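**Student:** The structure under discussion is supplied below as structure tokens; questions concerning it will follow.
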Amino acid sequence: SVVKSEDYTLQSYVDRRDYPLPDVAHVRHLSASQKALKEKEKASWSSLSMDEKVELYRIQFKESFAEMNRGSNEWKTVVGAAMFFIGFTAILIMLEKRYVYGPLPHTFDKEWVAMQTKRMLDLKVNPVDGLASKWDYEKKEWKK
């Protein structure tokens, strides 16, 4: 009885730019036409047509360097998913602003901010290098 090795114990074929010549051929089990072509390969290569040379290349390698270096379209999926999540987040924020959050407090009104700024100036808050240091108390205007 002969022990047969399993496929996972054999070397595997991988197309890689940094390892251009894999240890095994791309096609492991040749068809009858491929076997005939491999026999024809042993003779002079000048007798082979261009299509036969390409077929021999495809038996040995899955992709050429140009095909390996070709860019993928994965970026479209990534950009599409990012735009979907950004749009979903924007819709969620708009719905929260409309239905969850209440109105802004009165302290955000321009009149209230002006009154608070005037009060801080009257109290001379941080007179050394803060808000009060930028106010001219004699002319009642901001320093230039």
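Every residue gets a Cβ built from N, Cα and C, even glycine.
Sequence annotations record features per position, and here Swiss-Prot assigns N6-succinyllysine to LYS4, LYS35 based on similarity to another entry. Annotated N6-acetyllysine per Swiss-Prot: LYS4, LYS35, LYS42, in sequence order, evidence recorded as similarity to another entry. Per Swiss-Prot, phosphoserine is recorded for SER31, SER33, and the stated evidence type is similarity to another entry. Under the heading topological domain 'Mitochondrial matrix', Swiss-Prot lists 1-73, citing similarity to another entry as support. According to Swiss-Prot, the topological domain 'Mitochondrial intermembrane' annotation covers 100-144, on the basis of similarity to another entry. The transmembrane segment annotation in Swiss-Prot covers 74-99 and is backed by similarity to another entry.
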**Student:** Kindly report the helix/strand/coil residue split of the topological domain 'Mitochondrial matrix' (1-73) according to DSSP, in that order.
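**Tutor:** Across the topological domain 'Mitochondrial matrix' (1-73), DSSP assigns the residues as follows: 32 helix, 0 strand, 41 coil.
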**Student:** Excluding near sequence neighbours, so keeping only residues 6 or more apart in the same chain, what lies with its CB under 8 A of SER33 (phosphoserine)?
**Tutor:** none
**Student:** Near the Cβ of LYS42 (N6-acetyllysine), how many other Cβ atoms are there if near means within 10 Å?
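**Tutor:** If we count other Cβ atoms within 10 Å of LYS42 (N6-acetyllysine), we arrive at 7.
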**Student:** Let me spell it out: for each of the modified residues (LYS4, LYS35), count the other Cβ atoms within 10 Å of that residue's Cβ, using every protein chain shown. Which one has the most?
**Tutor:** LYS35
**Student:** Taking every residue in the topological domain 'Mitochondrial matrix' (1-73), what is their average pLDDT?
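**Tutor:** Taking every residue of the topological domain 'Mitochondrial matrix' (1-73) together, the mean pLDDT is 89.
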**Student:** How many Å lie between the Cα of LYS35 (N6-acetyllysine) and the Cα of LYS42 (N6-acetyllysine)?
**Tutor:** 11
**Student:** Sorry to bug you, but what's the C-alpha spacing from LYS42 (N6-acetyllysine) to SER31 (phosphoserine), rounded to the closest Å?
**Tutor:** 17
**Student:** Reported in the order helix, strand, coil, what are the DSSP residue counts of the topological domain 'Mitochondrial intermembrane' (100-144)?
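**Tutor:** Reading the DSSP string over the topological domain 'Mitochondrial intermembrane' (100-144) gives 19 helix, 4 strand, 22 coil.
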**Student:** Quick one: Cα separation, LYS42 (N6-acetyllysine) versus LYS4 (N6-succinyllysine), in Å?
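**Tutor:** A Cα-Cα distance of 29 Å.
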